[in-house]
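Asks: First the structure, which I've put down as structure tokens, then a few questions once you've had a look.
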Amino acid sequence: MSSAAEKKPASKAPAEKKPAAKKTSTSVDGKKRSKVRKETYSSYIYKVLKQTHPDTGISQKSMSILNSFVNDIFERIATEASKLAAYNKKSTISAREIQTAVRLILPGELAKHAVSEGTRAVTKYSSSTQA
């Protein structure tokens, strides 16, 4: 085997790999395959951006980072709420578990704002479904 010092450096960067999702090729029996959909928070992030900064855009890389951030926070809250429900011998995660999980995960003032916004959103949803 040759050592690493003898190898030639790569002449160009490797080709970027494209994601294999969203294929519409035909299968063996001639039927079209359904597209694989990847759910993201991109449209919601974009709507919030336009509400706060109407003249500002966002790159795909930034959108990907924010999407990962939202997924991470969602997973942390869900995991903590699940633990809280298990501690209290409950099989259902209620708004109370979510609220407590948010208070445990998010620091100080951020938790207070998140709880108040969450309460406001649940109240708004409840009033719209009853009307």
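From the backbone N, Cα and C atoms, a Cβ is placed for every residue, glycine too.
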Asks: Among Ser11, Ser25, Ser94, can you tell me which residue Swiss-Prot lists with the annotation phosphoserine?
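Replies: That would be Ser11, per the phosphoserine annotation in Swiss-Prot.
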Asks: Please report the number of other Cβ atoms within 10 Å of the Cβ of Lys38 (N6,N6-dimethyllysine).
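Replies: The Cβ of Lys38 (N6,N6-dimethyllysine) has 10 Cβ neighbours within 10 Å.
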Asks: Taking the Cα atoms as reference points, how far is Lys38 (N6,N6-dimethyllysine) from Lys47 (N6-succinyllysine) in Å?
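Replies: Lys38 (N6,N6-dimethyllysine) and Lys47 (N6-succinyllysine) have their Cα atoms 19 Å apart.
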Asks: Just counting, how many other CB atoms are there within 10 A of the CB of Lys35 (N6-succinyllysine)?
Replies: 10
Asks: For Lys124 (ubiquitin cross-link), just count the other CB atoms lying within 10 A of its CB, please.
Replies: 10
